[in-house]
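Peer 1: Would you mind keeping the following structure in view while I ask a few things?
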């Protein structure tokens, strides 16, 4: 399975170089989920039943890539969609001022690390609640008879139908325990999904998933056990010597592939630098050059309040120009692109009057 995934990563890299604008500074190699989002729209049904690679408020994607939008997700919560790149700058500035007021819990016109921590936890919880709401619709899609449970075979039929296979034919073959003649890629995905399905089946294992278990299947961040499983899968894909730990070289290694041009080389170099910084400064808590599964799980846990405080301090440090370990409104407006993904023009104009 690992070899298959790495093959897909290499293919994705080649497609990436062909399809993306040379000026795309947010580009990264071998990110299957990013490429899929931009260039390969999937059907509504497939989106409903397939576990997403990207999980809001999680530091890594399911495929082990760094989540580029993490800071924006934990700062904006459910308001993320309101900050669009082509939105009117003044309107976005006013929204950001309003958010600053809310984060500034004690109303002293300055945001401390503790206030930012409190805000991050609150916004992460919003993503959790949104996942729960979406899961209700997704579960209904795979449980049309409404009996409150879904078997692996029922899900498998739905998945294969979403991939273009004949639903009745697949259902009959599964019912009669006949061999499914599917391509190698689909078979690999099925095996991966099956592992994940049975991990989400809480004791006593009955090979059925209820709505809560299905939530864990789609969103492992909602379950400590599934979060641990997700970490195990990421480590297995990156761990080259099978010692169940990650070294820096393993974490920053690129999939096999040929660099076509300088643009692709620059993307590779940026990707390596970002991962090296994350590994050394954040993930490797005791700075011994080794990341264990326990360290990675702690790093990945979206509801770990210590992580939230650490994240708050890092976010403040990015924009803290006066070095007082707090954020003032002028600073957060100046670094709006970091916090919201939206760059404000004339950020300081009339800021005091508006605030």
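Start at 1 and count along the chain as shown; that gives each residue its number.
Every residue, even glycine, has its Cβ placed from backbone N, Cα and C.
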Peer 1: With the ranges 30-52, 53-75 to choose from, which does TrEMBL describe as region 'Disordered'?
Peer 2: 30-52
Peer 1: Per DSSP, what is the residue tally for the domain 'EF-hand' (91-126) in helix, strand and coil?
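Peer 2: The composition, in the requested order, is 27 helix, 1 strand, 8 coil.
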Peer 1: So if I exclude everything within five residues of the ends of the domain 'EF-hand' (91-126), which remaining residues of that chain have a CB under 8 angstroms from its CBs? That is, six or more out.
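Peer 2: Same-chain residues near the domain 'EF-hand' (91-126) but 6 or more away: 57, 73-79, 82-83, 302-303, 305, 308-309, 311-313, 315-316, 324-329, 332-333, 336, 339-340, 342, 344, 347, 351, 354-355.
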Peer 1: Need one number: mean pLDDT over the domain 'EF-hand' (130-165).
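Peer 2: Computed over the domain 'EF-hand' (130-165), the mean pLDDT is 91 on the 0 to 100 scale.
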